[in-house]
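K.L.:
Here it is, the structure in full.
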Amino acid sequence: MSRKKPNGSDKEVLPATHQRRSPNFHDNAPVVDVEVPWLYETHSVTLLCFVIAMILFFAFAQESTDERRGLYMCIFVFLAIGSLTFPCGPYIRPHPIFWRLVFGVSVIYCLVLVFLLFQTPMGARESLKWLDPQLGVKLPERSYATDCELSWNAIVGVMDRFVFAHFLGWLVKALIIRSWVFKKKKKKSVPPPPLSQNFFFYSTKKKALYTNILNYTSTDRSVLWISSILWEIVELSTKYFIPNFAECWWDQWILDVLICNGGGIELGLYLIRYLEMQEYEFHSVFHYKTIAGKFKRFALQFTPFKLDPIQWEPRSSIKRWFHMHLVILLGALVDMNAFLLKLWLWIPTEHSINLYRSATKIGSQLWILILIVVLELALIVKVAPTFPTPPVYNVKLWILGFVAYALFSFVMLRTYRGKHAKKN
């Protein structure tokens, strides 16, 4: 097979079928080494028969009509179609159909936001009665700063399921934001120091100590800790019109930042380095002879097929620098939306709908995620009451923070540009 040469060029041009394609994360990732083909076949006819049977059964099982049953069946049919047609993205574990269903749930949640956005504020609250008749009732204002004495009863009083949710949420964020920026050419993974050892005393040699400090302050850790502290600053600057953000000093900086957020961040980073160093070799469940071996292989199906580090390199270009800070801003918006939707749509803190909302953010499709965040923000603005005038010191602090951020970005990018020019 001959290769064509363009006019005036000595370079050979490969045929279109041999040209390298850029990765498209909307395409379905191929599943390699399939030992049970039946689990990865389409089964479209079987699914069609099952969907028809379910529709007919619930349509004629009861003579009385119920709007909720019809709505739930529409969701069921939508997810059934999505399990065949929606993209699974780059993920194949535990099964590609799981990620198609996650994307389908995200689309349904997005459509619900669009519907609520075109209602009046009271109409949006009343619409939630479709999910739970107890919703749509104004909630009493609650402040977590009523008893700021550091006592056992005060600590127990602020303990709820969201303490564990904070810890688990930051652990998952650490698994998502992972990088080794201080190692330009990563040759071999270096095991992290034990959690029981402080990095300042991990080595007595100055060179090793400096290396450990760099590893400890890698970009993924910096991004996570900056995001955690930034969120607490947001709470402090908005508590004048959001009563739930008024917290005691020990609740905000010790329980939230150090224990819940910090514990989740450090455990997540330790876990990501442990998983990255493992050698993955998967066999079929039928390869194992014992029941314990089969159960262990089944549990491994929920672990990553492979785990590659993400190279952020924020100072390599202006685009990458602001991309990294956009991730921080997007994370803060997601957290802010969760609190404000709960507050102004009159959803109790302990209601399970808050958990369902967070579950739609697991998917890998950034497009639908950004759309959801924007729709949530627009809905918050629409249902929000009249915003009170912010205190003067709040405005001054935010302006000062923005100016400091602009100067810091300018200095960091200019310093890196000068070093890069000398190196070249």
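Heads up, residue numbers simply count up from 1 along the chain you see.
Using N, Cα and C of the backbone, Cβ positions are placed for all residues, glycine too.
Computed from a predicted structure; not experimentally measured.
These came from TrEMBL, pasted as-is:
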type	residues	note
REGION	1-24	region 'Disordered'
TRANSMEM	38-59	transmembrane segment
TRANSMEM	71-92	transmembrane segment
TRANSMEM	98-118	transmembrane segment
TRANSMEM	162-181	transmembrane segment
TRANSMEM	322-345	transmembrane segment
TRANSMEM	366-385	transmembrane segment
TRANSMEM	397-416	transmembrane segment
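Provide an account of the burial state, proximal residues and distances for the features listed.
P.N.:
Sequence-distant neighbours of the transmembrane segment (366-385) (same chain, 6+ residues past either end, Cβ-Cβ under 8 Å): 103, 106-107, 109-110, 113-114, 116-117, 121, 124-125, 330, 333-334, 337, 340-341, 344-345, 360.
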K.L.:
Given a Cβ distance threshold of under 8 angstroms, which distant residues of the chain, six or more beyond its ends, lie next to the transmembrane segment (322-345)?
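P.N.:
The answer is 121, 124-125, 128, 139, 173, 177, 219, 223, 226-227, 230-231, 234, 242, 244-245, 312, 314, 354, 357-358, 361, 370, 373, 376-377, 379-380, 383-385, 409.
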K.L.:
Same chain, outside the transmembrane segment (38-59) by at least 6, Cβ under 8 Å from its Cβ: which residues?
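P.N.:
That would be 31, 69, 73, 76-77, 80, 83-84, 95-96.
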